[in-house]
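In TrEMBL this protein carries:
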type     : residues  : note
DOMAIN   : B:234-357 : domain 'ABC3 transporter permease C-terminal'
DOMAIN   : B:700-817 : domain 'ABC3 transporter permease C-terminal'
TRANSMEM : B:231-254 : transmembrane segment
TRANSMEM : B:274-305 : transmembrane segment
TRANSMEM : B:328-354 : transmembrane segment
TRANSMEM : B:375-394 : transmembrane segment
TRANSMEM : B:406-434 : transmembrane segment
TRANSMEM : B:464-486 : transmembrane segment
TRANSMEM : B:697-717 : transmembrane segment
TRANSMEM : B:764-783 : transmembrane segment
TRANSMEM : B:790-810 : transmembrane segment
Amino acid sequence: MKRSTLLLLLATVILAGLGKAFWPQDTSPQAGYAGLGEQASGFAQAGPGHALAFPEDHGPHPGFRIEWWYLTANLESADGRPFGVQWTLFRQALAPETGNNDEASDSPWQDRQLWMAHAALSTPQGHRFAEKFARGMALPAGQGQAGVMAAPFSAWIDDWSLAAVSADAGLDQLTVRAEADDFAYRLALTAQGPLVRHGEDGFSQKSADGQGSMYYSQPFYQVEGTLRLGDEPIVVSGRAWLDREWSSQLLGATQRGWDWFSLHLAGGAKLMAFRLRGGGSEEGDYLSGSWITPQGQVTALGEGSLRLTPVKTDDVASRELPTTWRVEAPDHGLDVTVSAVHPEQWMGTSFPYWEGMVTLQGSHVGEGYLEMTGY
Amino acid sequence: MRPGTASPGVLRTTWLTLFSHYRRHPGQLAMLLLGLWVASALWSGVQAINASARDSYARAETLFSASLDSVTRRDNQPLSLVTYLSLRRAGEPVSPLVEGDLTLSDGTSLRVIGIDPLTLPGESGLARQQSDAASLRDWILPPHRARIAPENADAARADSRLPPLEADPSLPPGTLVTDIGVAQRLLGVETLSRLVVAPEQSLALPPTLVRQSAAALASPGQLTDSFHLNLTAMGLLALIVGLFIVHAALGLALEQRLGMLRTLRALGVPGHTLIIAMALELLLIGLLGAVLGIVSGVVLARLLLPDVAASLDALYDTDVASHLSLPWYYWLGGLAVTLGGLFSAGFGMLWRAARLDILALGKAQAWRARLHRQLRLQAGAGTVLLGVALWLGWRLDHQPNPQELALGFAMVAALLLGASLWLPPLLAGSLGLLSRRLRSHPRLQWALADLQLQLPRLQLPMMALLLALSANLGVGSMVGGFRLTFLDWLDQRLLADMYVRPPEAQYTDVAAWLEGQDEVQALLEARHAEAPRLDAEGQTTGRTLALFGITPAPIMRQSWPLLDTATGHEAAWQALDAGDGAFINEQLAHRDGLAPGDPLHLRSPQGPVMLTVAAIYPDYGNPRGEAVLSASHLTEKFAATPGSLGVVLRPGSRDVAGLQAALRERFGLGGDAVVDQGAVKRTATEIFERTFAITQALNALTLAVAGLALLTTLLAQAGARRAQLAPLWALGVSRRQLIGLQLGQLVSAATGTAVLAIPLGIGLAWALVAVINVAAFGWRLPLHIFPSQIAMTIVLAIFVAALATLLPAWRLWRVPPRQLLQEFAAI
């Protein structure tokens, strides 16, 4: 559900953060999150029974309000130092597509889509990040400042991109690159397993009232590449996880934020788990997750089969954040302590959140990413 | 009642008694108010203009585009969306901007700026602006939103083409900001005017594009400082001249009330009660005058502002609101200056009243000793001031420095004040000299002695007249000289009969076709480029220099004006032709202290280039430094794209219209692409005239005030004068003769003043062209003296003096002999 973060991010960042120029400063988290819980009339709605089709679904779904392409990678340099990389492209529709465009003009600027991207590089002690914004443009495919094409797959904003190396590679072989003032990376991703559909064949419910998102992942990437930290090039290798999610109403009206985990376990299994704070039954938290076998088979987890418990908090960016968690999936013999490699992985972007690399101890060892929003 | 204190009742009675004087002499009160009124009106008018313009600049400077660097095409053509997108896809953080002028349905012209809020650098002005009604969604989606300067909101709302509007007080007047797509639709373009980038971002640009740093463009506030300083100086002059009137009126009112004051003191009114009563009187009059003055100042500013706005637009390309917006401190400031001026003028009166000698009766001859002492004092102070002026002038002339604009004005002030202090001693001296010569002409001798008697009273209006006359002459010489030089320079610079600016694709074809035409004598190619300045070590200085490429054809060599060369004109042109020499404009030479022979380091696309300054040329009206190279070298070294082609026709074949038509027909060039020389010259001259319209208007007003000062002084003392003239009349001098004498007195005093005003005016003109102008604009003008203007000044002085004598004379004419007799008897 990091995706929800993103949603939030998208909605709020774009509308409030980005648009701070145009808006009175109204950045209380509640107001920010409200955008994601808002009724989305005129937009397509995610729901069960919506069959995913590839490669079409790798591309954008402009009928839905929000969508993202979200990559996180746990990497290691030749000398054993841990690094983390995040690359995310968000799309948000400002208004439903009406089919018959009411704009009299064919101006390329007349488009309802907004794009936002975040790139981050977590180092053993530090964290660097950057963000970009773009508006959609009514131009032939592939020509705008930002956009996504399903096949050959390509997602980009300015010079940041996540793209297939060849026309028939689907999402199996990608190159990701981003460059900011104080860091850059270029990584080659090779999928070692199949795409994974979360929830009910790709419909991932996000609250007890039933709204949710379409959600699939490619958690099996092997990564080789180079980071640049200041002027220092560092050769790295490791694992990456790509999330694809789109929705028109991600959150229940009362949900405040979420904690989201993507974990690579020793032995090849993966765990995706999230907790939406508020919006569960009896106004409790809403829990959901996926247990993914090394072969890519998915078992949905939920209330009763998944427990996420904050263990220790740190003071990060003037906030109390749970940087150590106990994660339990009893049916799969999982009981691990998930700890941030270090707490300073705050994304001080227009809409801020915590996104960083974590390590696992306990029944399983491993590594992964944790995202926390709404604190 | 204890001595030294007074009950409120006493104060009231005293005050009423004192004030009753004005009931008997309403003319004096009117004169006092008039002086305050004009002084304060001119001053507040000028201040209102300045305050309003500054407000406009402040808003222009906070506009986002003012703090961002610009990227444009070298050939100044608009950019395509493809260019923008390819830069973005290459990772360059540029943001697109569309700019243009839109005429509203009511005829108002708006500057439309279209932005893309998503890429606009975040710390710039627009990103900081907030508005409660709009959101990004409203901005980007139909019907969109636009922000507009509040001044233009009403006019814009009536225009149905515009999206829903929000008034934004932080926008400069005449500015509308909207989404880029809307701006393109409004302006009917599909291209981008320029790209902007945050100044701290580095960019890798293709050679066809050029970046211009925001810092390289001086802010309008800086550019126009000198203009406003000029206005302020004019306003100050008017204030001083007006205060002369006030001083004269107050002095007269005191003189005439001396008897009353002594009586009041003798009746037991304490001295300080008297002072308080008089101070209260001053305060009341001051407040009234200030309010009148400020109100009319605002009216005056309203009248002048459109001219000022036009001048500023023409000179500096800055938009100034053509209606007033005045901050609160403006009103307080106007009041403070008026009251301050009044009390400084009234201080002498209060001082003398405070030291009133109760027992002193009219000492008939005491004034003579006092006058002599005063004249000596004035001459001394005047000498000191003139010395200061000389020293400042010498200093400024030898070490020109743009920072010393204020010193320049200080010099002018010292010069004017010193000279006016010398005026009464000089007049008195010449009167004394003359009267010794005229012992055999009793009537003339009497007239001279009588004029000397009037001198204490007349000296202030005469000083005011001197100031106004010399300002008139000085400013007139400067403007006239500037006009001559400028028109001459235009003729030299606008060599070609017409100018063609073909699109880049057609450039070579057009050039070749023109070469082939029989009536074309020469083609003068002009190109523009910009290059970063380097220091002697080859390090970037952060400044860019505008480069201008010309064709050093023989006709150009004969005509292009050069001010200074290293080794003669011929050598300078050879250096330019060879490519190792550059001409720089006077502004650059002045600002950077460059002289012919000095090196000029620039970075070209091929690497550092060192040029030698071969010559300095005048470049009037250009606020920026500029260097000239030959067009071919500019193209070669700095990748300058084609600019305009000057077409020189053979003598005898001046068919500009025919050639224009042929070009239009053959290449489809129309509109702005072909301009004939006459049109360029007309525009330039028009801009010039407008620039000085405001100066001349203020100048005329100052002279009018000086005339008023003289008139009011004469009117105020008309009664007293009649008493002095009555004995002469009784002795048999006819009234016609008396009036003639009076007229002669005044006219000769005014002529004396005008004679002194001539050297003073020339000195002022010199200070303006050689000191103030250099400091303010970076160019020096030759000093032109116009004999006709000098003659005009003398005539003007005589005319003003005659006019001022006329009304009292007419009154004297109409006084029945009986009254004259009575007045004689009363002496």
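Cβ coordinates come from backbone N, Cα and C, glycine included.
Automatic prediction, not curation, is the source of TrEMBL annotations.
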Inset, instruction - Would you mind listing the long-range same-chain contacts of the transmembrane segment (B:406-434), meaning Cβ under 8 Å and 6+ residues beyond its ends? - result: 229, 233, 237, 371, 375-376, 378-379, 381-389, 392-393, 395-396, 448, 451-452, 455, 459, 462-463, 466-467, 470-471, 749, 752-753, 756, 760, 763-764, 767-768, 771-772, 775
Inset, instruction - State the non-local partners of the transmembrane segment (B:790-810) in its own chain: residues 6+ outside its ends, Cβ under 8 Å from one of its Cβ atoms. - result: 465, 469, 472-473, 703, 706-707, 710-711, 714-715, 718, 721, 739, 742-743, 746-747, 749-751, 753-755, 757-758, 761
Inset, instruction - Please give the sequence-distant neighbours of the transmembrane segment (B:328-354): residues at least 6 beyond its ends with Cβ less than 8 Å from one of its Cβ atoms. - result: 36, 39-40, 43-44, 47-48, 51, 239, 242-243, 246-247, 250-251, 253-254, 261, 271-272, 274-275, 278-279, 282-283, 285-287, 289-290, 293-294, 297
Legend entry - Cβ-Cβ under 8 Å with the transmembrane segment (B:274-305): same-chain residues at least 6 beyond its ends: 11, 14-15, 18-19, 29, 32-33, 35-49, 52, 250, 261, 264-265, 320, 322-324, 326, 331, 334-335, 338-339, 342-343, 346, 349-350, 353-354, 356, 694, 697-698
Legend entry - Beyond the flanks of the transmembrane segment (B:375-394) by at least 6 residues, Cβ under 8 Å: 407-408, 410-412, 414-415, 417-422, 424-425, 428, 767, 771
